Ligand code: HEC
Ligand code: HEC
Ligand code: HEC
Ligand code: HEC
């Protein structure tokens, strides 16, 4: 452990080896053969506790002073629909086999539900009942208590340990102190005082040669959404949230960075490919799209300025679908009717979905074909190039699919990434067909029934009933304890259920 300008650096692993092995892994990849990914964490700061940084994370404390912002913020609770992606599209169960996303992955809903939903999702398991499956990092985009805890405990104190450590602490959903310096004089005077308080986000802007505090107001507006609506990974033994923006924010640039450091999220259960899971690169794709390039930010569409009952203009904090507030969003800049623009967006969504599903089908086949090749006796050396293609093809699919508004934010970018993904998947399947033939398999590889999520869970060996039962018990016994503790600490209002 060493101290450099007041910052404790501990998350460096074998510093001297980093450069050497990065060069080595790069050489292997450029040959596109025998590219096995051996993860070598990058050198990274670990911020010490910062008692100077005061963060008021309890959302309810702002209700009286900022009634309009508070009420519209609370209205995100009106977006209740919680659709299961696994059930809507069971191919995803196969694509994520061996990884928790195969159990449970849902579309996003209102910010109000972030804490509830991370507790409820099967991916976080049932600590206190069956086991504490995930790291602390899984709380990181759920609310302002995270910024508070990092300030109080430092990054090492926050990120170390399992998910349940934060159960009675991260209880306020995405709120005021995630985006504002709520203790500043400006904020007290009703000004925005936008702030990013998560050190890993400030560090990520530096990778793009930006500094949050000196950005212009337009950049800062989009910057607060980049707290969470981005691609990230959990770096090093500490599982520190890190944005992979060293080479840029495109799918190609991020993939190249992950390959260079040898990062892998998990090994696929069927194909044994070393996979990457994309999170939700909304900020990245937006910045590459036509609106991003023209300085039209998330705020112009998702948080428009509106007139209150008192006739005064304020920022509508009900973040949701901008078409619901068409007159104060799109119509500020476009002359077309709502129907016309909505139709354009709908058509693009449909066209992108069509290509996306084709890529998913190719990937499902590739995973089962790779499994068949292993079963037929293929060697690691034979398989490696095809598995790298699978890794890259699925990364491209996920980068396009996981940013839920991609069809609106940057349809051209998303289509291009999907197109290159189809190309990689075709490469993988051509290689696999040769390997299979060499080992005597010339018939098409059969895909089991994956027509429903139930069938797909069975096909990849997930006991969904056991998972659900454990979760129910956890929600009944552990979570009420967490809320009770949080109320005693004043993090939640006393009367809240
Ligand atoms: C996801 C980010 C985000 C969250 C959460 C958020 N705000 Fe804001 N807030 C903004 C943005 C962006 C603006 C507008 C900034 C600008 O105009 O440049 C804003 C503006 C404001 C302003 C300035 C006046 C106005 O209406 O433009 C106040 C006051 C405010 N917010 C209060 C709150 C309170 C209180 C909460 C919690 C209940 C909250 N905000 C939650 C992002 C957020
Ligand atoms: C602290 C993290 C965080 C910040 C900051 C944040 N978001 Fe989110 N956002 C989330 C999470 C998590 C969800 C999913 C919540 C759920 O489904 O439980 C979400 C959901 C959404 C949704 C879907 C809402 C719905 O009703 O379906 C939109 C749109 C969105 N965010 C836009 C934004 C914009 C625009 C900003 C910046 C002004 C922003 N978010 C800032 C974490 C964040
Ligand atoms: C030009 C307007 C515009 C800008 C700029 C914009 N969005 Fe969106 N966004 C939309 C629209 C419209 C939708 C809904 C598309 C639809 O109806 O299919 C959407 C959808 C989303 C969704 C998916 C919501 C869901 O429930 O699936 C998220 C998340 C999101 N946007 C976040 C962001 C973030 C973060 C930024 C900035 C980095 C941003 N948006 C910039 C217009 C915009
Ligand atoms: C703050 C201004 C602003 C807002 C708000 C805005 N746009 Fe745009 N939009 C632009 C600009 C600027 C362009 C680029 C125009 C050009 O290059 O000719 C653009 C281009 C477009 C295009 C054509 C480019 C393409 O993608 O092929 C569509 C479609 C579009 N916007 C839809 C929307 C929708 C839908 C909304 C609301 C959800 C919206 N815009 C909100 C400024 C805005």
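The backbone N, Cα and C atoms fix where each Cβ goes, and this holds for glycine too.
The structure displayed is predicted, hence computed values, not measured ones.
TrEMBL lists 330, 333, 334 as heme c 5-binding residues, and of the candidates 280, 291, 365, 367 the one it assigns to that same site is 291. Among the binding-site residues 142, 179, 280, 298, 302, 330, the residues whose Cβ sits under 6 Å from any atom of ligand 1 are 179. Sequence-ordered, the extra residues of this chain that approach the heme c 2 site, with Cβ no more than 8 Å from the Cβ center of 176, 179, 180, 317, are 69, 73, 175, 177, 178, 182.
The two recorded residues, residue 280 (substrate binding site) and residue 232 (Ca(2+) binding site), have Cα atoms 8 Å apart.
The 6 Å Cβ screen around ligand 3 retains 225, 229, 291, 298, 301 from the binding-site residues 225, 229, 232, 291, 298, 301, ordered by sequence position. Spacing of residue 228 (heme c 3 binding site) relative to residue 176 (heme c 2 binding site) is 14 Å (Cα to Cα, whole number).
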